[in-house]
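Below is one structure; the comments refer to it alone.
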Amino acid sequence: MIFITLEHILAHISFSLILVVTLIYWGTLVYRIEGLSSSGGKGMIVTFLCTTGLLINRWLYSGHLPLSNLYESFMFLSWSSSVFHILLEVRSRDDRWLGAITAPSAMLTHGFATLGLPEEMQRSGMLVPALQSHWSMMHVSMILFSYATLLCGSLASIALLVIMSGVNRQVIFGAMDNLFSRAILPNENFYSHEKQKSDLQYTVYFSSTNYRKCQLIKQLDHWSYRAIGLGFSLSTIGTLSGAIWANEAWGSYWSWDPKETWALITWTIFAIYLHTRMNKGWQGEEPAIVASLGFFIVWIRYLGVNLLGIGLHSYGWLEP
């Protein structure tokens with residue numbers, strides 16, 4: 001009984017904290033108040049600690065990793081979003097937009113788990129024999145980590161598309177490189193007349209108030225690429241470990257279960273994104289559109305099967 005009471009306390013504290021942190025980060029986008037952004041970062045760390053305590057507490061009284069039902073997977077997804085934020089914050093000089101993306105992600109998944117799911121779905125139960133496998137735990141944890149990173153990366157791409165509307169792509173992703181080259185190679189014969197005119201346009205543009213917007217777009221593009229690259233790797237590991245586990249449990253590596261089919265679709269979408277970035281050299285709008293599509297594909301893969309209530313991966317939600 002004490003474990004359940006402690007879980008409820010930690011769930012309410014962590015949700016209240018992440019709600020406040022979300023409001024703080026959204027506020028920093030409007031008002032540049034000194035110290036407000038750092039308060040959001042500290043709040044995210046406390047939220048991470050509370051959610052960690054909740055998951056450990058549930059692990060202790062259930063006797064297994066808290067990854068066995070939809071409630072636990074949502075809480076783990078919220079925890080993963082806070083981990084992702086903390087890791088990126090260490091390397092980011094301006095975390096306002098980072099927090100404005102990761103904090104709402106953690107809040108919405110946490111809120112849906114605690115407020116949106118029926119109480120009977122929040123209870124922990126005994127694992128069936130097929131789930132009592134180390135491959136099972138590796139598979140589920142890697143997949144949920146990949147969901148968190150892919151969703152955050154896709155949200156960064158969606159934010160990029162919104163901010164980038166009405167801004168010339170070539171100006172954003174070509175200006176800095178051209179100006180840098182001009183500074184390093186100031187030979188007058190190096191540039192044609194048209195090139196010099198182009199550089200002048202870039203210089204005028206970067207002298208305007210749009211400079212910060214360009215910087216933000218490039219930063220969002222960088223975050224999206226890094227997050228999706230990490231999420232794609234985690235998704236690959238999770239899918240391969242799931243195939244090994246499925247072969248041990250059911251004698252088949254791949255059975256075209258609905259979630260397996262959507263896993264392949266998800267993997268393909270983000271493989272296309274990474275291909276366009278690494279081999280085609282695309283930046284900005286084109287790969288961001290692919291990543292934005294991936295955002296919806298991930299949610300279909302994660303919740304679509306549960307809404308339908310079919311397949312081996314269904315948690316049974318909304319089943320008659």
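In case you wondered, yes, glycine gets a Cβ from its N, Cα and C as well.
As the structure is a computational prediction, the values presented were derived from the model and not from experiment.
If you look up Swiss-Prot, you'll see 9-29 (among others) marked as transmembrane segment, on the strength of sequence analysis. When Cβ-Cβ distances below 8 Å are used as the criterion, the transmembrane segment (9-29) is approached by residues 36-37, 39-40, 43-44, 46-47, 50-51, 53-54, 57, 75, 78, 82, 96-97, 99-100, 103-104, 106-107, 110-111, 114 of the same chain, each at least six residues removed from its ends.
Look at Swiss-Prot and you will find 36-56 (among others) tagged as transmembrane segment.
Residues or ranges marked as transmembrane segment in Swiss-Prot (evidence: sequence analysis): 70-90 (among others).
Residues or ranges marked as transmembrane segment by Swiss-Prot on the basis of sequence analysis: 97-117 (among others).
Summarising the annotation, Swiss-Prot assigns transmembrane segment to 143-163 (among others).
Listed as Cβ neighbours of the transmembrane segment (227-247) (distance under 8 Å, sequence separation of 6 or more from its ends, same chain) are residues 84, 88, 133, 135-136, 138-143, 145-150, 152-154, 156, 253-255, 263, 266-267, 270-271, 273-274, 291, 294. Annotated transmembrane segment per Swiss-Prot: 227-247 (among others), in sequence order.
The transmembrane segment annotation in Swiss-Prot covers 254-274 (among others), and the record cites sequence analysis as its basis.
Residues annotated as transmembrane segment in Swiss-Prot: 288-308 (among others).
Between the transmembrane segment (36-56) and the transmembrane segment (143-163) there are fewer than 3 Cβ pairs closer than 8 Å, counting only pairs 6 or more residues apart in sequence, which means the two stretches are not in contact. Against the transmembrane segment (97-117), stretch 70-90 shows more Cβ pairs under 8 Å than any other of 70-90, 143-163, 254-274, 288-308.
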